[in-house]
Amino acid sequence: MRVARRAVPRRHFATIEHSFPDFAAAPHHADGRSAAARPERAVMSLTAWLFFLPACFAINMAPGPNNLLSINVAARHGFMTAFVAGCGRLVAFAGMIVLAATGLAVVLHASELFFLAIKLTGAAYLIWLAIQLWRSDAGPMDALKQDDASLWRIARQECFVAAGNPKAILVFTAFLPQFVDIAKPMLPQFAVLGGSFLVLEWFAIALYSWAGMHLGKWLTRAKVRRWFNRCCGMFLGAIGVSFLLVRRSA
């Protein structure tokens with residue numbers, strides 16, 4: 001005796017298919033989460049960060065106006081004064097990093113009038129510092145260490161020199177973005193890159209201050225100190241003039 005098979009409507013198969021997840025479309029890992037639901041933990045590529053560090057440190061160690069200022073301050077007032085006062089430039093650089101991360105730096109950099117104002121202000125301030133160094137007194141070392149050794153005054157100088165440097169603006173608007181992956185959140189990447197830049201900059205401050213401290217041992221004679229200040233003044237003046245030649249990147 002043959003039993004008649006009952007035909008199952010097609011809609012029942014559709015109900016069964018929708019009752020189970022599509023494992024082929026959403027592969028799972030050992031932790032039970034699908035690949036699509038698994039969050040991306042890396043803020044930025046480790047390879048990109050490792051490439052960034054040596055390139056960034058080369059920029060930090062370049063003999064720019066702030067590093068030259070650290071040498072001069074350390075030679076006259078000692079290592080700790082120059083090292084701690086270097087925080088002034090870190091404040092200026094941190095502000096530039098925030099502007100770059102929020103996109104405002106690109107807008108300001110695109111403004112020809114703003115960039116020209118930065119160039120003129122930075123150049124004028126460096127030339128003024130150069131004149132002050134050229135005319136500075138080469139009296140006894142003990143008197144020089146007490147004179148104008150205010151941390152606040154030197155830190156302000158560091159901040160103003162950094163803020164008026166158009167090359168620093170180019171670093172944060174053209175150099176840092178080269179290591180940012182646009183497929184990932186940008187603010188965390190700028191935080192990593194900017195934080196790394198500031199740490200490496202402080203290493204540069206320490207190295208230049210150390211060099212200036214040892215150079216200060218050779219400045220016991222007033223004539224040598226006078227020529228040292230004048231050489232630093234000439235270099236700062238030359239850097240100030242070079243600021244006028246800096247052009248905005250396309």
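Cβ coordinates are placed from backbone N, Cα and C, and glycine is handled just like the others.
In TrEMBL this protein carries:
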type     : residues : note
TRANSMEM : 42-62    : transmembrane segment
TRANSMEM : 82-106   : transmembrane segment
TRANSMEM : 113-134  : transmembrane segment
TRANSMEM : 190-215  : transmembrane segment
TRANSMEM : 227-246  : transmembrane segment
Same-chain residue ranges lying at least 6 outside the transmembrane segment (227-246) that approach it to Cβ under 8 Å: 64-65, 68-69, 71-72, 75, 119-120, 122-127, 129-134, 136, 138, 164-167, 170, 215, 219
Cβ-Cβ under 8 Å with the transmembrane segment (190-215): same-chain residues at least 6 beyond its ends: 43-44, 49, 52-53, 56-57, 60-61, 67, 70-75, 78-79, 82-83, 86, 89-90, 93-94, 97-98, 100-101, 176, 179-180, 228
